[in-house]
């Protein structure tokens, strides 16, 4: 794992009104190295790196960091919530349909998505919009292309 600047991490937590604790620093470091991890993925990663904590402690840390805006939680359809430290810009996500990999997608300059809804009767509070693109990551796209090419080569030739 990379070693982020501990002073910057402590300052980030202080600005959010949180104490700089070892569990919070560990979660932030893990997410810097593995963005879009789930709580289960973080628990496994923390255990592998010798920074194990109870599931309840992990969920408490994730809740505190998300509530204060240090983390962002995203939840693609059919997935457990995933967490990221990239909270200071407007970006979206692409999810691989095959393996579930999630990557950040920057907004295209000059092309604005409809993220400001018109007033809607009976729905006075709208505070969140999410855009997620679905497709295939490079690895899965290559595997699919290889499988398709192999299947095409193995098909018996039809006689005209």
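Along the chain as shown, the residues are counted starting at 1.
Quick reminder: no glycine exception, Cβ is built from N, Cα and C everywhere.
According to TrEMBL, the feature Zn(2+) binding site maps to 96, 99, 137, 140. Counting only residues at least six positions away in the same chain, the Cβ atoms of 102, 135, 136, 137, 140 sit under 8 Å from the Cβ of residue 96 (Zn(2+) binding site).
Non-local contacts of residue 128 (Fe cation binding site) by the CB criterion (under 8 A, 6+ apart in sequence, same chain) are absent. The annotation Fe cation binding site is assigned in TrEMBL to 128.
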For the recorded Zn(2+) site formed by 96, 99, 137, 140, which further same-chain residues have Cβ atoms within 8 Å of the site's Cβ center? 97, 98, 100, 101, 136, 138, 139, 141
Please determine which of the binding-site residues listed here (99, 137, 140) has the lowest count of neighbouring CB atoms within 10 Å. 99
